[in-house]
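Colleague: My questions all concern the structure below.
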Amino acid sequence: MLSHGAGLALWITLSLLQTGLAEPERCNFTLAESKASSHSVSIQWRILGSPCNFSLIYSSDTLGAALCPTFRIDNTTYGCNLQDLQAGTIYNFRIISLDEERTVVLQTDPLPPARFGVSKEKTTSTSLHVWWTPSSGKVTSYEVQLFDENNQKIQGVQIQESTSWNEYTFFNLTAGSKYNIAITAVSGGKRSFSVYTNGSTVPSPVKDIGISTKANSLLISWSHGSGNVERYRLMLMDKGILVHGGVVDKHATSYAFHGLTPGYLYNLTVMTEAAGLQNYRWKLVRTAPMEVSNLKVTNDGSLTSLKVKWQRPPGNVDSYNITLSHKGTIKESRVLAPWITETHFKELVPGRLYQVTVSCVSGELSAQKMAVGRTFPDKVANLEANNNGRMRSLVVSWSPPAGDWEQYRILLFNDSVVLLNITVGKEETQYVMDDTGLVPGRQYEVEVIVESGNLKNSERCQGRTVPLAVLQLRVKHANETSLSIMWQTPVAEWEKYIISLADRDLLLIHKSLSKDAKEFTFTDLVPGRKYMATVTSISGDLKNSSSVKGRTVPAQVTDLHVANQGMTSSLFTNWTQAQGDVEFYQVLLIHENVVIKNESISSETSRYSFHSLKSGSLYSVVVTTVSGGISSRQVVVEGRTVPSSVSGVTVNNSGRNDYLSVSWLLAPGDVDNYEVTLSHDGKVVQSLVIAKSVRECSFSSLTPGRLYTVTITTRSGKYENHSFSQERTVPDKVQGVSVSNSARSDYLRVSWVHATGDFDHYEVTIKNKNNFIQTKSIPKSENECVFVQLVPGRLYSVTVTTKSGQYEANEQGNGRTIPEPVKDLTLRNRSTEDLHVTWSGANGDVDQYEIQLLFNDMKVFPPFHLVNTATEYRFTSLTPGRQYKILVLTISGDVQQSAFIEGFTVPSAVKNIHISPNGATDSLTVNWTPGGGDVDSYTVSAFRHSQKVDSQTIPKHVFEHTFHRLEAGEQYQIMIASVSGSLKNQINVVGRTVPASVQGVIADNAYSSYSLIVSWQKAAGVAERYDILLLTENGILLRNTSEPATTKQHKFEDLTPGKKYKIQILTVSGGLFSKEAQTEGRTVPAAVTDLRITENSTRHLSFRWTASEGELSWYNIFLYNPDGNLQERAQVDPLVQSFSFQNLLQGRMYKMVIVTHSGELSNESFIFGRTVPASVSHLRGSNRNTTDSLWFNWSPASGDFDFYELILYNPNGTKKENWKDKDLTEWRFQGLVPGRKYVLWVVTHSGDLSNKVTAESRTAPSPPSLMSFADIANTSLAITWKGPPDWTDYNDFELQWLPRDALTVFNPYNNRKSEGRIVYGLRPGRSYQFNVKTVSGDSWKTYSKPIFGSVRTKPDKIQNLHCRPQNSTAIACSWIPPDSDFDGYSIECRKMDTQEVEFSRKLEKEKSLLNIMMLVPHKRYLVSIKVQSAGMTSEVVEDSTITMIDRPPPPPPHIRVNEKDVLISKSSINFTVNCSWFSDTNGAVKYFTVVVREADGSDELKPEQQHPLPSYLEYRHNASIRVYQTNYFASKCAENPNSNSKSFNIKLGAEMESLGGKCDPTQQKFCDGPLKPHTAYRISIRAFTQLFDEDLKEFTKPLYSDTFFSLPITTESEPLFGAIEGVSAGLFLIGMLVAVVALLICRQKVSHGRERPSARLSIRRDRPLSVHLNLGQKGNRKTSCPIKINQFEGHFMKLQADSNYLLSKEYEELKDVGRNQSCDIALLPENRGKNRYNNILPYDATRVKLSNVDDDPCSDYINASYIPGNNFRREYIVTQGPLPGTKDDFWKMVWEQNVHNIVMVTQCVEKGRVKCDHYWPADQDSLYYGDLILQMLSESVLPEWTIREFKICGEEQLDAHRLIRHFHYTVWPDHGVPETTQSLIQFVRTVRDYINRSPGAGPTVVHCSAGVGRTGTFIALDRILQQLDSKDSVDIYGAVHDLRLHRVHMVQTECQYVYLHQCVRDVLRARKLRSEQENPLFPIYENVNPEYHRDPVYSRH
């Protein structure tokens, strides 16, 4: 056979022969073109010359010669194309002709590997393993390169070609990082295109896993591994099943799992994820077990055992560890199985407290819970109650019990009533019962309870008390010969009394009395002798006695005398001694009812002398016999000392020439009157008799200059004394003094008219401002003089004095010298509108300067007057450029001198200058507005860098100029000068030209997706910087940056890929911007990222990617076969991020390329993927009812595969068996565990991919055993059993029951394998039968044989137990019966504080309401109810409530202080209060107070229901207060079981501590001060059931009741209550007579005394208003003036006589009433702004206090005062008209004071002045005033007044609202009165009617503007009208006087005072007219209209 080459040559030869041609031509050709690809070659050549024959032969090293078919392209060109060549191979081409052969060598391109990928199995955290299949064709080597995510080359390698398998591993990489790998095939000098794949290193696992465990949660912590991490995934597995999972970011180092099962073991996996790969670490973790619940330790009444029960906690429990300990010492410890829930401890100590700890153990963890329990205590032994001989006492003794106890509780019973309940310490073995209110002689029962914790055990015994003696044995009365005793009967049993009286050791009387006797009188006794009286109580053979000592009253002395023996300071007395027993004599010296001497004299003495007495005073000497502290009746005699003469006599002429006044110091002692005599030369000129209180007088019409003698005689009784003095009158003064300057500046002439009378000479003095200059003595015959060398312009005072002896008379005159003009008058400075002139001051005195400004001799301004020290003046607001004349006048008094000067103003500068470049780069235009005044022209100049560029002169009518040829962007200084003559005024401004724009702007992306580079050429002119703006294609600004003027480019980074941008450049110079230069540019679009395979199956591949950043237009997607052929392509929207290819071949590798397009730019990414082989089908498993075998079968897999792999898994994931084969369809597994679930995997393998099918099957389980029941409740119980052996598997148990009720089965352990269940929903009390089976499997279950058990439930508890108080001694309880079968209820009621059982009984099941009676008031009780059914008891249900508390029931009238059972002294009353007076039915009485009232004949039976009442200090310092209370003292009645026998001894007025103790004026508190002597008092006892809370804060509304007032009890008189009173009355009458005489003598004088009444608030008046006492006032000023109604009109006419003289005088007397009180709080700086007028302030004592805010001491202030009325001491509140800032305070006061009525008697605005702010809503919309909400409900407008109704409530108490009426009188002028009386009277009556219909309301608020004038008139009229309705007299003066004691200026004007009289007169007239005509006039004034008009003299003003 020929070779291929030889055959080709032969073929060519034969061809040539067949052509039959001659010798062929020679071929000349040249190679034109040659191309080569991987599998083809193309070659072309051209024939040069004539056509010829040729052939083309090609060959390679693996291929012999072959002919390449040629084809003709044109006449001279030929070619040959070869296909299906071997890649990478060198081919030799020969073009053969007959005479020439040309060789061409061509090589095909090599191909890359067909498959190139990353081997995940061999990839680690630091290495990446790549593999590829050999390329087809020839390859000499492969070049493999590794790139990071940013396509930066990391590593590269050249690997020689291998025929089988090619691979390479990159080391030292970063864990968790993505890499791109490129491979290129190299063959000779050619390289294939690169093939890419990507891969990732495995992330590093976490390190140092830490576990923090709790019962329901696990806290996992870890440390980061090396390399990159994207996230951590945590998985908590339970037997291969995911229980919980979570994903956290790469920075996290901890994670918490919640909701876990306590005590459970989990498999924890912490997985690190990065670059699509994972790595993990795992660890076994366990949650902490939970502690048991409902742990209870009970003793069941046992002394020596305890029972412990608990409920199993949820979760897993392995066992329980129970320990019993006492005080930290473990007594016993036990380990119990987890299904046990109770245990018992025995042989314990009685009464001991044990600690029981139950630990739940799960694995290595445990949870503890502790409870305590106590054994029942033992009883005491040998209990006895004995009498110790003491009254009201028993001694209880006993022997201690066995075991432990804490204390004893001792109860004392009187029958069934508990008298004593007390606790004593455990170390005690006896207790003495004292002060427990035991009744003597009575038998009691004692119970001793041993208490240990809350457990008790008791023992009882009986005992009896000793009888009691009588109580409060005292001497009731004693006189000179008799002694009466009285006592109170004790609470005891007795038969009679034995009465005895003894004198020292001698028994005088011994007598038996009946048991009802309470007093006895002993007679025929010796005066002043001491006796012992004894009362003995006899009861059977027992007795007890009580004794009291008493003394008879001693006898009085006789024949008492007193004398002064002519001395001024001594008295002498003597007497005859008294009969009977006398210890001493008490001698008192009394002066003006005050004891000034108190001496005790021996009984043997009968005389005494008094020294150092007051002269002229009348004294009373009292001698009293005293024996044993008892005084006899007093004997009184009077005597007087001689009066003293006066001293300090002063005679004064008072500067008068016809008058002398005489004054002296009052003579010491007492004086009746003085006689003053004036004499001259021994002749009496005048004589006056002066009252003793006056110490001065005067004499007039005397001769000037004469010497007089004054004699003052002191008289007292029949005695007198004398004093002398002399004095002279003042001489007369001159007349008509004249002073003249004669037009000279240094000269004055003085002249006068001669003085009358006698004088020595004249003295003339000239002075200036009290500085003497000259004094001249002038003979009495001359009448003028001259003064020279004086100061110019000075005012001089000239005094002409008449001299006569030591006295003189002055007359003054004034004169002034002429002033001089100013000096150095100069124009100092000038401006456009100012002239500044200065000068030097004129010589001499100058009063002021007057300066004038003239223009053309006309005054420009009015003259200006300057002080005399002024030396300059500036004229302003002048006209610029104008000439002015300035004139300066020197003025001294009424004379003046002048000087002047002339000057000009500066022309004004231009204004409103505006410079603008007008958008040009080379010019500036300036314009301006001319200034004021005249100007000739303007000069405009431009400067650049201080160099003048241009300057122009502009006519005065031109106001604009433009500068040209300037530089762009440059700053210029422009100067504009106003020119006026030689003066200029210029202004400099700055302007800048517009900068030029840059040129040649270009934007380039430099192949970047995130940046653009902008470049430009520099702008012309001056530039500071370039502002470069980056905008969107639509012109939206994205960035704004600046570059220095020297920069020519800028790079924008962090841009959006594929986005088109606009760029603008502005040149900036001095804040000006050039025109923008603009260009456009686009960034390269970004390729997609995170391109990945999301799903691959046997027939399709799904890809997903992350969208390209930035903007893009669309995606092109290509899918290539392994040979590079396109399989499929698609174009998708930019929003698409996934794509799938369907109907692919199984197991094939594909390449997917995605290209991103944006505009004209693009970018791409690619990835490889393979399909999955098919799996088997119909895989099934079956156990065939066996417990140890499983059978599986299936159908074969379709498609290609290599083999099957069978894997059987245990439940824990471990492999049980593993088999491999290709032709299997069934398999059996044997030797398996019963009940266990197995999983079979059948895996189909094909290449590196596989597919599997799984099936599950389970063996049958084993049955349970040993069923039991626990925790049996009413609707639930626990069932436990023993499960199958531990080595078997099972999942659950199935529980069934009969009857088939709808029950709920709960697994409390959260583990289905737990050997117990809790069943809910049971019918209480029902019997059930249960069976249990073992269950294996969840969906397909197998069951074991059942086991059975029966049980019955408890009855249910009651529902909605509600107990509420019925009254103070009963409560009611109701409930809903349980839905259960039951027999009845067991009910107990206990006291909460003592736990004593007060009530216990069984109740039928049909009842659900119970009343419990006979309880203690105001005690909290606990009611417990249990349901009972067939020996089963439900849970106890408890509720507590408190019995009611209320005011104590008012005692009956006979229960009060008995005036017969009191002991009385001059300052105290001793009486007894008994607990039985007040019942505790409505609650225990907690406190008492004593209410004391002066008896005044009123019919009030009980105290006013007001709290608190005034204190003792208020009562003593305010005469209008008649009632006071003592301090509160605690009641101990509730502590005494027999409280009716408890009594309190009260000594009122003795500074008793319990009543408040001694009074301290510095402390405002309740106290117990001494009572007034000889004063009748009525006493009431006030008892409180509620007064203070637990923090001793007083309740706002305490609960109390009062006894009836006692009958009047009169205190004893002072010792001089007999004769002294008579003498005092006589002296009082004499004094009054002397006062009347003195008043007639000095009737024109105003008394110097001023009242100082106390301003305490009055208690409710009980006396008629016509009766006023002068207590608390000095002098004899009246406080009331009651007028009988039938005499009123005549009285009013008398007051109106002589132009209202008497009425004005009466009103004037009220001027200073109350003004002595302090207003310190109102004057504080913080409070001044709260006063409308600074002279109308509230007194501190009567002001209204608001509640404090935020501890601000001034926040309680408001200008308001309490005012008393006829009914209450705080009947009104008077306030000012609210200010804008005090409206909130006003409404706060209304709210806090419980105000229901407001009276307003002013308009808000009067005569244009605001009198009161509008402080209420204008409409019916609600408004806030502070925290209060006010709403107007209605408004009734009448002609003269308006009535509004408001609703007010607190912001936090919207339901607790109050209605308030607002009475607004609208026709009353300020400081005046209404036109008629009818209008106001009717208004007052209307308001009073509303007030009377508002019971329980607080004070009525009344206000005008200041709150004194109209307000006072309204209140006074209201009180007066009430008097007219209820009394026969009216007291207007007293009403106003009372008002002014509480607020200043009440009834402010006299016309208002008269108006009140007119109102009374008109009311009385109308009443009389109504009576006559029987036509009702009041209150509606119908039919009759009398003239209710004011008198004309009091018209409005």
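First residue shown is number 1, and so on along the chain.
Using the three backbone atoms N, Cα and C, a Cβ is placed for every residue, glycine included.
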Colleague: Based on the annotations in Swiss-Prot, which residue of Asn1193, Asn1470, Asn1759 is described as N-linked glycosylation site?
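Modeller: In Swiss-Prot, Asn1470 carries the N-linked glycosylation site label; others show none in the record.
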Colleague: Look through Asn1163, Asn1892 and state which residue has the annotation N-linked glycosylation site in Swiss-Prot.
Modeller: Asn1163
Colleague: Out of Asn927, Asn1212, which one does Swiss-Prot list as N-linked glycosylation site?
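Modeller: So the answer, going by Swiss-Prot, is Asn1212.
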Colleague: Can you match one of Gln1853, Gln1923, Gln1948 to the substrate site that Swiss-Prot gives for Asp1870, Cys1904, Ser1905, Ala1906, Gly1907, Val1908, Gly1909, Arg1910?
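Modeller: The one candidate that Swiss-Prot places in that substrate site: Gln1948.
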Colleague: Going by DSSP, how much of the domain 'Fibronectin type-III 2' (112-207) is helix, how much is strand and how much is coil, in residues?
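Modeller: Split into helix, strand and coil, the domain 'Fibronectin type-III 2' (112-207) gives 3 helix, 47 strand, 46 coil.
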Colleague: Taking DSSP states H, G and I as helix and E and B as strand, how many residues of the domain 'Fibronectin type-III 5' (379-471) are helix, strand and coil?
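Modeller: Tallying H, G and I as helix, E and B as strand, the rest coil: 0 helix, 56 strand, 37 coil.
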Colleague: Over the domain 'Fibronectin type-III 5' (379-471), work out the mean pLDDT and round it to an integer.
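Modeller: So the average pLDDT across the domain 'Fibronectin type-III 5' (379-471) works out to 86.
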